[in-house]
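Trainee: For reference, the structure I am asking about is given below.
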Amino acid sequence: MTRALFIAGAGTEIGKTYVTAALTRRLRARGEAVRALKPLASGVPPVGDPTFAASDTGRLLAAQGLALTPEAVEACSPWRFAAPLAPDLAAAREGRSLDLADLLAWCRAAVAAAEPETLVLIEGVGGLMSPITREATGLDWLAALGVPALLVSGSYLGAISHALTAVETLRAHGVPLAAIAVSESPDAPTPPETVAAAIARRAGAPVACLRRGADCPGTLARLVRDAAAGAVPRAP
Ligand SMILES: Nc1ncnc2c1ncn2[C@@H]1O[C@H](COP(=O)(O)OP(=O)(O)OP(=O)(O)O)[C@@H](O)[C@H]1O
Ligand SMILES: C[C@H](N)[C@H](N)CCCCCC(=O)O
Ligand SMILES: [Mg+2]
């Protein structure tokens, strides 16, 4: 049975790719089959650009041990836009647009095509409710996919409210929340463990922590694997 999980952020540039790549490496090291996808990406350099390896797609492909071939890039991130803006704006800058229905169909096909027992990780774009098309936000994409979420938070001052706001939003929309990962922010005033504990007391979901430069903790890998296998009850 193929299992899928959506990585959502309490904000943009908060650690979604970092956590997804670390999680991918950890699961693969345990012999688990993982496919990490970033279907929709903005702020992306051309594939041949020397900076492409540092892009979300580059980092997710590297975490899977995949070379940055045009085919691998296309299979990971079919909608790529250059401007570092919300995807609807970035697409418009290129005279392009995208439909939520096409994005959903692509994601569903990718999950269906994955080898049995593969865990498919789908990284969203920006924050949970960042616009992805003129009408839809990332939440619409996640809710329509019907897979559990892993919410990534930072540990900066304000991160607790941002994370709990995202938790409440997921709950209000019936999206199952597998876990929250606090990815340490630079120059944060308190340790990420302090932020994680404050979130855990209020979120009703397990919280894991990743210090700067840290690998994915085993607890998070187990939570994600179990959730993707259906061990997360849908929110009331
Ligand atoms: N725990 C961490 N340790 C070291 N670096 C981190 C950590 N978390 C995030 N970063 C770094 O912070 C920057 C932003 O993180 P990342 O790219 O994962 O954010 P994102 O949420 O995926 O952003 P986007 O919304 O653009 O997809 C990156 O340079 C990333 O490597
Ligand atoms: C460029 C950035 N890293 C992301 N790719 C896009 C973030 C869009 C954020 C839109 C918003 O919520 O204000
Ligand atoms: Mg990212």
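Here the Cβ of each residue, glycine as well, is placed from N, Cα and C on the backbone.
Okay, these came from TrEMBL:
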- LYS38: active site (ACT_SITE)
- GLU13, ILE14, GLY15, LYS16, THR17, TYR18, ASP56, GLU123, GLY124, VAL125, GLY126, SER183, GLU184: ATP binding site (BINDING)
- THR17, ASP56, GLU123: Mg(2+) binding site (BINDING)
- SER42: substrate binding site (BINDING)
Trainee: Quick check for the class: what is the C-alpha distance, in angstrom and rounded, between GLY124 (ATP binding site) and SER42 (substrate binding site)?
Mentor: 11
Trainee: Just to be sure I understand the packing, how many Cβ atoms besides its own are within 10 Å of the Cβ of GLY124 (ATP binding site)?
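Mentor: Around the Cβ of GLY124 (ATP binding site), 26 other Cβ atoms lie within 10 Å.
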Trainee: Running a distance check here. Ligand 3 versus the binding-site residues GLY15, THR17, ASP56, GLY124, GLY126: which have CB less than 6 Å from one of its atoms?
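Mentor: Checked binding-site residues vs ligand 3; flagged THR17, ASP56.
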Trainee: Do you know which of the binding-site residues GLU13, GLU123 has the most other C-beta atoms within 10 angstroms of its C-beta?
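Mentor: Its Cβ has the most other Cβ atoms within 10 Å: GLU123.
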Trainee: Taking 8 Å from the centroid of the Cβ atoms of THR17, ASP56, GLU123 as the cut-off, which other residues in that chain fall inside it around the Mg(2+) site?
Mentor: ILE7, LYS16, THR20, ALA21, ALA36, LYS38, ALA41, THR57, ARG59, LEU60
Trainee: Closest to SER42 (substrate binding site): which of the binding-site residues GLU13, GLY15, THR17, ASP56, going by Cα position?
Mentor: ASP56
Trainee: What binding-site residues in the list GLY15, THR17, ASP56, GLU123, GLY126, GLU184 lie within 10 angstroms of the residue listed as 'active site', counting C-alpha atoms?
Mentor: THR17, ASP56, GLU123
Trainee: Consider only the binding-site residues GLU123, GLY124, GLY126: which of them have a Cβ under 6 Å from an atom of ligand 2? Write none if no residue does.
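Mentor: Checking each Cβ against ligand 2, the ones under 6 Å are GLY126.
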